[in-house]
Structures are given as C-alpha cells and as structure tokens.
Amino acid sequence: MKKGKMRLVVKVGSSSLAAPSGGVDPAKMSLLVNAVSQLREAGHQVVLVSSGAVASGYQSLGYKQRPRTLAAKQASAAIGQSLLMQTYTQLFAAHRFGVAQILLTRGDFSNRERYQHAFQTLSLLLDKNILPIINENDTVSVAELTFGDNDMLGALVAGLVHADLYLILTDTNGLYDKDPRNHPDATRIAWLPQVTEEIEALAGGASQLGTGGMRSKLIAAKTAQGLGIPSFIGKLEQPSDLLEIVQGNGNGTYVSYQPEAPATTGLPTRKQWIALHSPIRGSISIDSGAAEAILEKRRSLLLAGVRGVDGTFSPGDVVEVYCDGALIGRGVSRYDAADLAELLLPAGSTRHSGTVIHRDHWTQIT
Ligand SMILES: Nc1ncnc2c1ncn2[C@@H]1O[C@H](COP(=O)(O)OP(=O)(O)O)[C@@H](O)[C@H]1O
Ligand SMILES: N[C@@H](CCC(=O)OP(=O)(O)O)C(=O)O
C-alpha cells in the first residue's frame, strides 16, 4: 500500500452526523470536520461522501422519525442537504478549507460522458485544494436507479478517484461477529483479508437513522477490494482518529489492507466503467480455447473463438462474454451484433482473424 501522502475517500453515515431524533448535530459534524482537517493539514487529499440529508431534514417537515415513503424521504433530503452544506461550509471555513457540493445519481456513472465529467470535476477540485462533499442526488434518484446506499457510492467514488484507502465511518467501531446492539458479548474482527459470504452473513441491519447496516458496508468494502482499494470500517471518537486510521492504527475493521504490499494504481478508470457501470447491450459466447487465451494468456478475443451472439449491439457497446454458460467477463465489442453473427465460423476455421474485444477494453468477472 502507498505510504506518505495519500488520496482518501471518507464516507460518513447519517448516525455520525445527525441527532438521534433527527436534525443536524453540530457537535458530531464539528468532530468530523476537525478530523478531516487534520488529514488535510498532514498533506492527504480527501473526498468526503456524506449521508445525513434525510436524517437532517425530516424534522423540518414535522416528522417524528425517519419517514418511510419515497416522496417524504426525498423532500426531507432536499431540506437536510442544504442544512448539511451550510454547516460544513461554516465549520471548514474556520480551518480555511473551501468545500464543494457534488450530487450524483446512478445514471451519472452509467453514462460514460457524465462519468468522465464527474472525474474531471473531482480531479480539478482536488488539485485546487477544495474538499468535494458528495451525496446521492436523493430528490431525483428513483428506486431502481440508486446506488443502493452511500456505502456503495463511496466505494465507486474511491474507484473513480483511485483512492489509496476507503474509510467508512459509522456509529460502531467495526465489524463484530454479531450485531453488537443486540449482543453485548459480540467480538470485534480487526482484520479481514477479504469479504467472504460467511463474513457477510455476520452483518445485520441499520441503525435508526441509517439505511444499509453493516452488511452494506461489507458489500461496499468488497467492491473497493475488487478495484484494488483497501477499506476501513469504524467510528470517529477523537479528531486524531482519522490520522491513526491511515497510519494503520485505527480502532475498527481493516479490509484487504496490506501496509507492506507494493503500492498499486488499482483498476484503470476505463476498465472500472466497463466492469461496474456500463449498460450491457448483448452477449457473446466463446469456446474454451478462447477463454483460456483471454483469462490465462491475457490476449484479446479474436473472431475465431466466438461461437454465438445475442442481443443488438453496435461497435463500442459493452457486451457480456460467456463460456460454457458461465459469465467470464465484459468488454467493448468492435463489431456490430448482426455483422458478428454473419462472420461466425465452424470451430477450427481460420478464414477470419479480426479482434472482437481488445485486451485494453476487457474486464474479467471473478
Ligand atoms: N455484525 C455487526 N457488526 C457491527 N455492527 C453491526 C453488525 N450488524 C449490524 N450492525 C449495525 O450496523 C449499524 C450501522 O449501520 P448504519 O445504521 O447503516 O450506519 P450509517 O448510518 O453510519 O451508515 C450499527 O448501528 C450496528 O448496530
Ligand atoms: N443519501 C441519503 C443517505 C443514504 C445512506 O446510505 O445513509 P447511511 O446508511 O446513513 O450512509 C441521505 O443523505 O440521507
């Protein structure tokens, strides 16, 4: 893992920003702002992914607790988001840090142009030493098109900006072998080499203010791991805690964290888009020889290995690639579906030798 100055994505949950009965909690926010400021004063670059819009806003609409209907949550978020940004702006100004609000939807990641614009904006803000504060654009996100929760949004942002570490801050100091709210005898797991199905099964639901619970944090950490980024899940108690976390001494759970491993640059942005965000326009099935060439010899997919084509896709569209019925990866097709189907040849024929998916536009699904 990289040492020295790092690029960090810090995701903070509603329970760490809002009061238990709703509304912004200035003391909690002040602790966070002090801690983030310490990271930046130490020379680290930070992107903040902040939840809390719904939890900060619902009181103003007269609700006694987090509302359940989509319309009420969206209206609460519209109020709470501006209260959060007002508080962040004031608190960070005391540290002479400027902030910028970025509200994203799932569609901003699946549309390649918008994805690139989000990347450019974030890069420029970081270069200018402005703190980007990201949340989902709750008022326009529809149920089928959300990130799921901000834990996942944070993981995807960590991939987008090629973060060195993804920090997930919540009201609990890490993952326990059972939900510590209901089991006082629960034991904390400090290091997780990777997130397995057995580990996911340990995690339960959300707090009164949050949405995903520990389970969604583990799924997000697994996504970050797939992008080559280690994570930390824990609670902020002192302003110096974030510095302790990046130094490997955090009081929480580290996931796929190897301080001694050489620094990697993670999955290139283009490949992340193919793997996680691109719309899928069709599928191609290939024979086992082609699968071996792609997966083991790291070659491009050639026409000779293609056995079937499904869907309607154009050159430049992303397709799924199957071998013996199993999904092995995704890539950008250089061919139109109909043209490709016409060129299909019996196994062993060598009449056509075009490249269907170039190595640089391929990602393996594991
Ligand atoms: N195995 C577990 N280990 C730790 N916390 C757990 C576990 N299972 C469930 N939880 C619960 O997850 C909650 C944190 O998730 P959530 O409410 O979504 O937080 P946030 O709003 O910070 O994103 C904690 O309050 C905790 O009780
Ligand atoms: N976008 C929503 C937060 C959704 C969410 O994932 O909440 P949390 O589990 O507290 O991180 C909001 O700002 O209220």
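Positions of Cβ are set from backbone N, Cα and C atoms, glycine also.
Remember, TrEMBL labels are computer predictions, not curated facts.
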Figure out which of N129, N150 sits with S51, D138 in the substrate site per TrEMBL. N150
Going by TrEMBL, T170, D171, T211, G212, G213, M214, R215, S216, K217 bind ATP; tell me which of K3, K5, K11 is listed for that site too. K11
In whole Å, how far does the CA atom of N150 (substrate binding site) lie from that of M214 (ATP binding site)? 12
Sort the residues of the domain 'PUA' (282-354) into helix, strand and coil with DSSP and give the three counts. 18 helix, 26 strand, 29 coil
What does DSSP call N150 (substrate binding site) in the simple three-state scheme? helix
Neighbouring CB atoms within 10 angstroms of the CB of D138 (substrate binding site), all protein chains considered, total 23
Using CB under 6 Å from any atom of ligand 2, narrow the binding-site residues D138, G212, M214, S216 to the ones that qualify. D138, G212
Given the ATP binding site residues K11, T170, D171, T211, G212, G213, M214, R215, S216, K217 in the record, what is the largest Cα to Cα distance, rounded to whole Å? 15
Can you tell me the three-state DSSP label for M214 (ATP binding site)? helix
